[in-house]
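What Swiss-Prot says about this one:
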- 3-167: domain 'EngA-type G 1' (DOMAIN)
- 9-16, 56-60, 119-122: GTP 1 binding site (BINDING)
- 175-347: domain 'EngA-type G 2' (DOMAIN)
- 181-188, 228-232, 293-296: GTP 2 binding site (BINDING)
- 348-432: domain 'KH-like' (DOMAIN)
Amino acid sequence: MSNRVVIIGRPNVGKSTLFNRIIGKRYAIVEDYPGVTRDKIEAKAEWAGKEFIIVDTGGLVPETKDELIREVKKVVEQEIPKADVILFVVDGKEGLNPLDQEIAKYLYPYADKVLLVVNKIDNLRQEKNVAEFYTLGFEKIFPISAQHGKGVGELLDEVVKYLKEEKVETVEEGIKVAFIGRPNVGKSSLVNAILKDERVIVSPIAGTTRDAIEIPFRWKDKNFILIDTAGVRRPSNVEYGIEFYSVGRSLKAIDLADVCCLVIDASEGPTRQDKRLGGLIERRYKGCVIVANKMDISPWSEEELEGIIRKELFFLDFAPIVFTVATKGKGVEELLNWIDVVYKDYTKQHKTSFVNRAVHKILSEKPPPRYRGKEVKVYYAFQESTKPPTIVLITNYPDAWKENYKRFFIKKLREYLNIKYAPIKLVIKGRED
């Protein structure tokens, strides 16, 4: 097992700030109120020649009645036994809190690998606050300022003493899959069903997943990187701050993905927001699988719902539809199989001679309308790139290619190039271009 360093503590003590400081970039969302990081986030880190996985957990609040915090507590408790080092973070500016004492009780069985991190020690006056934390009973205490980096180097020097000399096993390449959808349609449940691990907190509270979490995964000798994102809400429902930042990350996840799983609620059918999200995927030329989740409570049969989806999301006509019940694991294997199929089409490359034959076959069947009374010709065609498959046509009249004809042309290209389940980007240029 790879070296694992787990950051835990009650909400708003600076765990995510420390996480970001260690990995050197803004990964977890940081805001000044409790509960901002609600999911477990992992990233690769290195210090003094040793590599490790750093884990940022949600806030641990024992005995809380709040449903969400209970879920986070469970995740953290699952992580503690697997950790090589536990960074127990407390707030040195605020001082010792009763919740710190409650959390400490959970950690006493693992005291030999606990480093007590007193954060927010920004000046000499605050350094006096460190002494009271010795009452928690942990031997090694490190005053730091995660925000300014003070003391973090000394902390990491101690961390690496606990680590084994090994390389972190990571999936450097893989099919990047983003789960996109409105809040509470079951994206995190799908990720959990795939991973068979409660890595992402699942709660019926809409908007639970705030961070975009990249999770390497292997299935049937194929590498995947699953990206679980915050539910995307319409702008009118998003206030500035934490949700705004998460929506931006969700859109970024679409840009990073090879295949987007557009998750819709089968009990509601496709909504206006689903259409908007589908439009984002289409305009970015991403591979797509439409996932109709919660089929166990859908008022429609699979055949009926497929007809509705095809009508409402007609612009994603290349995307296969998978019906799932994520909480029961139903449809997960089929989903993974379709992701693989879509990716194969998304990365398909054809020789120029093959592309030219396909293009001229389409033109012979139905040429574009004449332009100002003149014949529209294609001098040659070629595939410029993949992800998406991009076909370039060199023509005498680029302006003659209207949208209706381009849609027809792309549909026929998909047939003749055997790219059935991925978008094709068509680029039309004149000779002078």
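Even glycines carry a Cβ here, placed using N, Cα and C.
Mapped onto this structure are the features recorded in Swiss-Prot.
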| residue | record | DSSP (3 states) |
| --- | --- | --- |
| GLY9 | GTP 1 binding site | coil |
| LYS15 | GTP 1 binding site | helix |
| THR57 | GTP 1 binding site | coil |
| ILE121 | GTP 1 binding site | coil |
| GLY181 | GTP 2 binding site | coil |
| LYS187 | GTP 2 binding site | helix |
| MET295 | GTP 2 binding site | helix |
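Calculated from their C-alpha atoms, the gap between GLY9 (GTP 1 binding site) and LYS187 (GTP 2 binding site) amounts to 27 Å. The two recorded residues, LYS15 (GTP 1 binding site) and LYS187 (GTP 2 binding site), have Cα atoms 25 Å apart.
Put plainly, the binding-site residues ASN12, THR57, ASN184 were compared by Cβ crowding within 10 Å, and the winner is THR57. Look at the domain 'KH-like' (348-432): DSSP puts its residues at 31 helix, 22 strand, 32 coil. For THR57 (GTP 1 binding site), the nearest of the binding-site residues GLY181, ASN184, MET295 in terms of C-alpha separation is ASN184.
The sparsest Cβ neighbourhood within 10 Å, among the listed binding-site residues (ILE121, MET295), is found at MET295. All protein chains included, LYS187 (GTP 2 binding site) registers 30 other Cβ atoms within 10 Å of its own Cβ. The average pLDDT the prediction assigns to the domain 'KH-like' (348-432) is 94. When Cβ atoms from all protein chains are considered, those within 10 Å of GLY9 (GTP 1 binding site) total 25, not counting its own. Using a 10 Å radius centred on the Cβ of GLY181 (GTP 2 binding site) and all shown protein chains, the other Cβ atoms total 24.
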